[in-house]
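Data block below; observations after.
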Amino acid sequence: MFNLITLAAAPAASVYIGKLAKLKDRLLAYRLGIGLTALFYLGILIAGERMADYYVGFALLKGISTAFYWLGHFTLINDVTDHDNRHRYLGVNLTITNLSMLAGPAAAGALVEWSGGMQGYAFVYLLAFAMFVYASVNSFRMKKRATHHKTYYLKYAFRIMRKYPAFGRSLAGWFLFGLPQGILGYIPAILLFQAVPKESFVNYMNVAFLGVTMLSGLVLARWGRAEWNHFYLAAAAIGFIAGVIPLFMGVQLWTVILFMAVFSLVKPLQNNAYTSHYYKLSGELPLKEHFKVESVVLREIFTNAGRGAILVRDGEREQQILRLMEEADFAKTDGGYYMNDEDAEFDFLHHIVPELEKLLTVYATSAVKERIFREHAAPKLKVDIDERTDWLELKFELDGIPESEIRSLIRSLEEKRKYHRLPSGSGTGVAIYMLIPGSLTDSPIAWMLMAIALLQLLIGWLASPVFPAMRITVSGQRNRDL
């Protein structure tokens, strides 16, 4: 619900601040976006653990502040770049952004570890508030760009899309861009947690993949050319498809690393190329630079519409899931569900999870997988006769269970326990092996990613020159191709 409110508030805020930016100053949207973001973090500091009680207000504030900031940001990019240097700027901007994504979580993690508990998170939000206040004040050093053209042309958007279909197709591309953004926000992390044997290794992998993204951005900044945008879009889509195909062989370490490496490499290629293509296209409309603010507003409206289109709630299924979680012996807090009892943990993994799998796809980290004994340990009995002493020797074996552990297992059986905890941490059921189905590791992720890859191909096709050129008649000028 929080995300739905945020996504609904953003387009409306974009329309309003676009008009304000056109009438007053384009930097106004940028400054207000930074200032409202600072206010958002201040609100978190004040509300603390009661933030959930005011989630509607926080969602609205987040949607409005985000809309203000990005409208100002993308309008400034359009102002300070041109057709020739836009790839250079976008590449450098992407590199700096990803450096921040490396430094920010590392600094936040250090603060939380140093302070501990809620106090650590309070320090993180306090630091974020201070940084946004500084950025807001510092933005006043940026000089206002004088303009005498203050008419807001957004009401003519549909007329422009009908008259110049190429522009309408480019907006459809932004809608398709927004569709998978929520999914792509968490699927890479799920893949890594499924494939990597140690969770601590995931952080190092993320650093490596961000490095690939930054390298891709720097290459584009140095050698990117606007006239190659169509080639970049096609290459990104084909690369995405090629990276997904190995995942159909299984979610294994090498298939995940290959997909993540290719994804990290081609995503900047697509983002920068399509942004450059859109700015060039909107700049060639008859209104030229007088339609810059409106073109950014339309971009944000269509992108957010795509993000929101995939968020469809199933209330009945949600209630079934919540009922199952309540049946488990969890302690429910504002931060989530917690469980400390081993018996309750065994019941949850072997009884509740199979029921949850009928309603949703369950993903498990390596720490959870290690607690599940999947093999059917068939007992084996060996009888040997020692000829020297005429003693009868009996040996009892269970596949996958150390010989030293069998006595403890038999003791658990005598105590009629539901499970036995192995030294590795996994629990095996006693008498009856109640194993969780393999869907904890085998998921439809590959098919989902292939569908997203085909969307990338469609985005490239919408921007490709295969469509007939549109004729634009500009008053006082000769006809030219769009």
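Just so it is clear, glycine is given a Cβ too, placed from its N, Cα and C backbone atoms.
What TrEMBL says about this one:
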| type | residues | note |
| --- | --- | --- |
| TRANSMEM | 28-48 | transmembrane segment |
| TRANSMEM | 54-77 | transmembrane segment |
| TRANSMEM | 89-112 | transmembrane segment |
| TRANSMEM | 118-137 | transmembrane segment |
| TRANSMEM | 171-195 | transmembrane segment |
| TRANSMEM | 201-221 | transmembrane segment |
| TRANSMEM | 228-245 | transmembrane segment |
| DOMAIN | 302-426 | domain 'Helicase SWF/SNF/SWI type bacterial' |
| TRANSMEM | 446-470 | transmembrane segment |
Legend entry - Maximum Cβ pairs under 8 Å to the transmembrane segment (28-48) - stretch from the list 118-137, 171-195, 201-221, 228-245: 118-137
Inset, instruction - Over the domain 'Helicase SWF/SNF/SWI type bacterial' (302-426), work out the mean pLDDT and round it to an integer. - result: 67
Inset, instruction - With the transmembrane segment (118-137) as the reference, find which of 54-77, 89-112, 171-195, 201-221 contributes the most Cβ pairs under 8 Å. - result: 89-112
Legend entry - Interface check, the transmembrane segment (171-195) with the transmembrane segment (201-221), three or more C-beta pairs under 8 A: yes
